[in-house]
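What follows is a single structure, written as structure tokens, with notes after it.
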């Protein structure tokens, strides 16, 4: 069961009211025993009923009314009134607080009319109303301050949550990017290694002179793959970490010749053509274009019997269109949707605001098309 710890401040209010009564009665006889009970009743009610705010403020106002009925000045019991009214307003029991204060003021007027206290001039009688209004204003001021603090804390919490979600989103995007890059690099390199290793095994006994070039190609493919993996993983390190510098430049359209050479070592002859007015493209677009072509050619090596493929680049105003076509047929039946590599092609294009499609051709070949926005204003 959940327990609530009662606040200690009613004890402080009790001590304050006793000190106030001592000061108020220093020049005359002290209060009657009943008045002393009423003087302590306010703090005790605050302590006992601290969770029932509407009942608390009504009870404390009743105690104050009894105190006034004995003809004593209001001053000594004001601390309990202030605490009860502010507590009620802050906890949402505003109607109960105002009704209780109105009842106390009417009782104070009634005591004057009943000769339980000296009746002053109308202006003096209005002082009681002014005290009630001042108390109400103070309670509203405290509640307004409290609401502003709550709103500020909520805003800070929401901002922290938004930053955390943004960091999580960015981390997720980075993991996805790295996963795509690693998939493209490793799939391409391992495909080349597999093809050259198969060639070496086939000619090892019949044509030993072909083994050495195959092994050299495997060595070079392994080295290139490791360099690109290092370049990808370098993005995980701190910008200030100089040891994270990649050994090879970031792939882009300028390195397509190396990519075509790699495909050639795997037995795939690739022709590269372009149209439109070539213009410099953003680094992100260049990298995405390189990876899309790399993955498309890797799929040809792994899943097609074709020994030739064609890559076409079309530069237009604000866009770059990529087409990769092979004549097929496939080595084994596959769906048009492809595997993770083809999904990665679509995701790369989508990440830049572009589109990509992968479709079979009527003659058994396969076509990969991608449209990437470049933001440049070159003319086609």
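Numbering starts at 1 and runs along the chain as it is shown here.
Quick reminder: no glycine exception, Cβ is built from N, Cα and C everywhere.
Worth saying up front: this structure is predicted, and the values here are computed from it rather than measured.
Secondary structure of the domain 'Histidine kinase/HSP90-like ATPase' (288-374) per DSSP (helix as H, G, I; strand as E, B; remaining residues coil): 28 helix, 33 strand, 26 coil. Residues or ranges marked as domain 'Histidine kinase/HSP90-like ATPase' by TrEMBL: 288-374.
The feature transmembrane segment is assigned by TrEMBL to 6-25 (among others).
Taking Cβ pairs closer than 8 Å, the transmembrane segment (32-50) reaches residues 6-7, 10-11, 13-14, 17-18, 21, 56, 59-60, 63-64, 66-67, 70, 72, 76-77, 79-81, 83-84, 87 in its own chain, all 6 or more past its ends. The feature transmembrane segment is assigned by TrEMBL to 32-50 (among others).
The transmembrane segment annotation in TrEMBL covers 70-90 (among others).
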